[in-house]
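K.L.:
One structure, as structure tokens, below. Some questions next.
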């Protein structure tokens, strides 16, 4: 069941009530916005750059190259990674608990830190209290694993999940019971809210419905729009398109959701002012930091960067931090989506290093590209379930 309630500033005004079978009562449908936040964490936080890369590959079933795995295990890291856009998070209320979650259009699970973890594992995190309001889904379980060896698993509960001002009751919540230290050490992140298609939800024995699929029929339009920012929190707009957030008009392209992802085909690409390259098939994924492309495209890009090289020990392409990087342009229909070179200068390989890790890396031959945050944070992107389709425009 979905219930709309009155909330604050960034929320469009609305009110609706639906039945237990998630069939809406005839009342006005509206939309709402939620702002990302940058959670303050006490002490120094580090991020393993090759681990970020390895996780992105493993998420889509790619074989993680031995050197990337070795670099991830060795722990090459930077400090204060939020400055380099590793992740911005969105407050979500689950039952009586409010957690900061990573919204991920590349997965379909809502999993969170919970009171089923040990007190040491909960420390520094906001956690979901499974005893406060949730109802355990008997016999259901979930498990995830990533390329750097991290993972989590646990039980499944049904509870009320509130994003902005929309409440989805009876929503599946995957409560962590076991979790790796990599997640425990990331004190800013309390879990993940998947926005891919429900067909790839990993709950066993029966996949569950995503938050968006639960509420979309009660929105003014069955869509959400993403405005990620470079070096700043962004917003997610549910049910409406905010014309103040983009310039020009939206260009739409069809989505192939047969594999459960927001997959699309870009007509061509260009490095700097160079000639156009061939089409690129890929997935729009807010849960992946990097822009992962075919080897030929990656090579084309870094040929234009002085001092760039595929560094075996670093686990990917690196270049001098003072290098000038060309823009990377993807053409979608009549629209040229430009990724500024400064966005591709991702982060120092280690704290104080003069070498930087590139935001464009190889997709390790998986057969499609991943348009992660490096690409998305210069675009206004509409994820429209009606079609389905994606709409693109330059951010205002």
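Even glycines carry a Cβ here, placed using N, Cα and C.
What Swiss-Prot lists as active site is 104, 285. What Swiss-Prot lists as disulfide bond is 321-356, and the listing cites sequence analysis. Among the features that Swiss-Prot reports, domain 'Peptidase A1' is placed at 88-393, with the record citing sequence analysis. Annotated N-linked glycosylation site per Swiss-Prot: 311, in sequence order. Under the heading signal peptide, Swiss-Prot lists 1-20, citing sequence analysis as support.
Map the listed features onto the structure and describe their local environment.
P.N.:
In the three-state DSSP scheme, residue 104 (active site) falls into the strand class. Sequence-distant neighbours of residue 104 (active site) (same chain, 6+ residues apart, CB-CB distance under 8 A): 192, 193, 194, 195, 196, 285, 286, 287.
In the shown protein chains, 29 other C-beta atoms lie within 10 A of the C-beta of residue 285 (active site).
Counting Cβ atoms from all protein chains shown, residue 321 (disulfide bond) has 15 others lying within 10 Å of its own Cβ. DSSP assigns residue 321 (disulfide bond) to coil, not to a helix or a strand.
Secondary structure from DSSP puts residue 311 (N-linked glycosylation site) in a beta strand. Of all the Cβ atoms in the protein chains shown, 17 others lie within 10 Å of the Cβ of residue 311 (N-linked glycosylation site).
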K.L.:
Cβ-Cβ under 8 Å from residue 356 (disulfide bond), same chain, 6 or more residues apart: which ones?
P.N.:
318, 319, 320, 321, 323, 345, 346, 347, 348, 349
